[in-house]
Amino acid sequence: MRSIKFAASTLLVLSLGVQAETMTRDNGAPIGDNQNSTTAGANGSVLLQDVHLVQKLQRFARERIPERVVHARGTGAFGNFVASGDFSALTMATPFAEAGKQTPVFVRFSTVIHPKGSPETLRDPRGFATKFYTDQGNWDLVGNNLPIFFIRDAMKFPDMVHSLKPSPVTNVQDPNRFFDFFSHEPGATNMLTWVYSDLGIPASYRQMDGNGVHAYKWINAQGQVHYVKFNWRSQQGVKGLSPSEAAKVQGNDFNHLTNDLYQAINQGQYPKWDLYVQLLKPEQLNDFSFNPLDATKEWPGVKAIKVGTMTLNKVPDNFFAATEQAAFAPSNLIPGIEPSEDRLLQGRIFSYADTQLYRLGANNSQLPINQARVKVLNHNQEGAMNMATGAGDVNYQPSRRLPYAEDGRYKAVQTALAGTVQQLAIKKQDNFSQAGAFYRSLSKVRQGYLVEALAGDLAKVKDAGTQHVMLSYFYKADADYGSRLTQAVKGDLAKVKTLAASL
Ligand code: HEM
């Protein structure tokens, strides 16, 4: 009787004419019945010996892994990066070694604060993370759509994120909480102005630029250093939504960003971005009214050079395997690219790899999406879910028996230091001028969207002190901007001016 059932299921031919394959349990054994549990007689209890049922329920209950603590909702795509020239005079980084050189990539776009499954129409910066599978290991450029950030020191990141996440009491995001935090953070004025502009709700991921935000170092074979900022420019143009457009899109399709990217790629309309770099010599770092290694600042007036173009041309076959399990880390660097001394970046260099050891496990770099496309040779070993096969009994270095060698060309670049160990904020903060310049660069219509969206949230702030401190920051950035916001929330302009004068 059993063998007849088995044969019937293997030979089952669907009405579509497709020959069905026999299902198996995780141990590979064929499954006899995926519809009915094993019971003791017609009316008896279900038996624990139904190992297929038990395994199915166990695996189901374990389907979720912790969502990313930030950037939980994302959309990924594969593609390639093609260098537009030979930039070896500036960097040893191999994707830039010669014109036409191709490097495969995986990109994950994301929202930041809102959880997995939340509407993609909510205001947020957007993540733009690129994994370059280079021939010298993986390089992750983990950036955002906006060119700057809220804070300049990693010490403040968990507090800032707590203030932006839902209240621990109500589980609802609350402007009273995040403006309370930002009223102590004048350096955030620039980023808040960008986030509340129409760029805080992109029309599509394709119509969004990307930015590395921080300065990194480019290092050439002679050990010469340039500070470098990276900027992806969308060939599709850049488009954000006004508050009323966003409300309309949210009503129609709150997955508009994911749906747009999948549809475009599946229809063969492959989106493209050009990669630009801005370069500064170390001796130029003091030439500005601000510190160029401050992540709240752009580098206005520094020439941008195009170094390549990226095309995204394939969506993953499985969302979880690729997009959810992707581990992007600013510490995934390759020869020719090092972190700058930017304090925010220095914190990120630690934080991502650390969270991924928890979120995905000790061997997350062995998952296919994260695996380097070159041989990984070191003596890191074991740990949960290890898929590597050992290379004999020499699991240490140096050794005469297994001569793995270092290569001195890839030592850290030497950097001169001066001063004392200290805990002090950076000098030359210049907290407001770039926010004002950005406001003035917007058309009248876009200034209107910004004032509408920002005043909408500032009006919810119940504490008049917090509200007026925030208004004074925007007034200090630009008097027209601050006055319009003050008027919109029915604030006290004289008080705002007095507070702004003391900044
Ligand atoms: C000290 C400041 C920051 C800290 C501590 C921090 C921390 C984190 C953490 C823990 C994650 C989750 C990673 C994971 O689970 O795989 C994350 C994701 C991300 N962060 Fe940050 N972050 C910081 C600032 C920034 C900045 C300045 C940017 C943009 C330049 C940025 C862009 C991203 C992106 C794009 C992701 C999502 C990566 C992905 O798609 O998987 N973060 N961040």
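Placement of Cβ uses the backbone N, Cα and C atoms for every residue, glycine included.
Listed in TrEMBL for this protein:
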type	residues	note
ACT_SITE	His71	active site
ACT_SITE	Asn144	active site
BINDING	Tyr352	heme binding site
DOMAIN	24-405	domain 'Catalase core'
SIGNAL	1-20	signal peptide
Open item on the list: I'd like the number of other C-beta atoms within 10 A of the C-beta of Asn144 (active site), please.
Closed with: 24
TODO: Could you measure between Tyr352 (heme binding site) and His71 (active site) for me? Cα positions, answer in whole angstrom.
DONE: 12
Open item on the list: Please give me the CB contact count at 10 A for His71 (active site), counting all chains in the structure.
Closed with: 23
- [ ] Can you see whether DSSP assigns Tyr352 (heme binding site) to helix, strand or coil?
- [x] helix
Open item on the list: Using a 10 Å radius around its CB, how many other CB atoms surround the residue listed as 'heme binding site'?
Closed with: 21
Task: Where Asn144 (active site) sits in the secondary structure, as DSSP reduces it to three classes - done: strand
Task: Asn144 (active site) versus His71 (active site) - Cα distance in angstrom - done: 11
- [ ] Check the domain 'Catalase core' (24-405) for me and report the mean pLDDT.
- [x] 97
